[in-house]
């Protein structure tokens, strides 16, 4: 043995929301046959999307591309009220694969709006989840904040009737800084009853921080358009080590590992384990022979499928436990 080691982060890869979203598309294809139309990539991973496309899924952005009476699935990121209304008017058979933790944020937005609160959204402009959440209200009713610097530029109607929500896949540390800035500028701003950043995002970022303390380099398996995968790479890099994100093993470069004795490997919440295994095989082939699993939070959450797609014996759990 040469002492060169690969340490696998735990937890890593698929979260409950991603697992549910993929299963909804697969079950819809089994029940109703191809094509099944999916509004936006169901999750942000090229391997997953290509695999579903081969099975008969058709990924679209505009509902005008969907024929009357077709089966339509909303992506895990959620959709706006306008998209929901158009789908209803056109009579599609709709299955909502929105992550339940994103749906929780949508419900919070509706509750706050009913109380006449102006709402600030912490998130990345253009991300599908942000568009879906901000689209729960009429255009212009929510304010978007991406950085601490944006907080100083905010113009609000009434600082005493103000609240915020956030995208579920953000950097935990950066979001804390933005929240601190919001609370400093608007002391009466309402905070969510429960943090909006999801358990999977938090757990994976915590695990990669621990990984970065033990390793000389961290590899994150994830697609370029995956928000949570990008945040994992950034978190690792912020610890002062080399960190790279790869869609699959073919993107690895042997020179990255020269002089590195300990390699950390993790995967974004939308990246399947098969891609992790391919990355491991490649790195092992370059001389890092030992592989061990890191410790970390155990995840046992399972999100139920829509009742129309459940099989016999699949029941709705009373509670989703971590």
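Each Cβ is built from the backbone N, Cα and C atoms, and glycine gets one as well.
Together with 44, 127, 226, 227, 228, 270, Swiss-Prot lists one candidate of 77, 193 for binding dimethylallyl diphosphate, that being 77.
There are 29 other CB atoms within 10 A of the CB of residue 168 ((2E)-4-hydroxy-3-methylbut-2-enyl diphosphate binding site), with all protein chains counted. Here the candidates are the recorded positions 15, 99, 129, 168, 198, and by Cα distance the one nearest residue 270 (isopentenyl diphosphate binding site) turns out to be 15.
Following the DSSP three-state reduction, the secondary structure of residue 198 ([4Fe-4S] cluster binding site) is coil.
Nearest neighbour of residue 127 (isopentenyl diphosphate binding site) by Cα distance, taken over the binding-site residues 15, 99, 168, 198: 168.
Take the mean position of the Cβ atoms of 44, 77, 127, 226, 227, 228, 270, the recorded dimethylallyl diphosphate site; other residues of that chain with a Cβ within 8 Å of it are 43, 128, 129, 169, 225, 229, 268, 269.
Annotated pair residue 227 (isopentenyl diphosphate binding site) and residue 168 ((2E)-4-hydroxy-3-methylbut-2-enyl diphosphate binding site), C-alpha to C-alpha distance, rounded: 10 Å.
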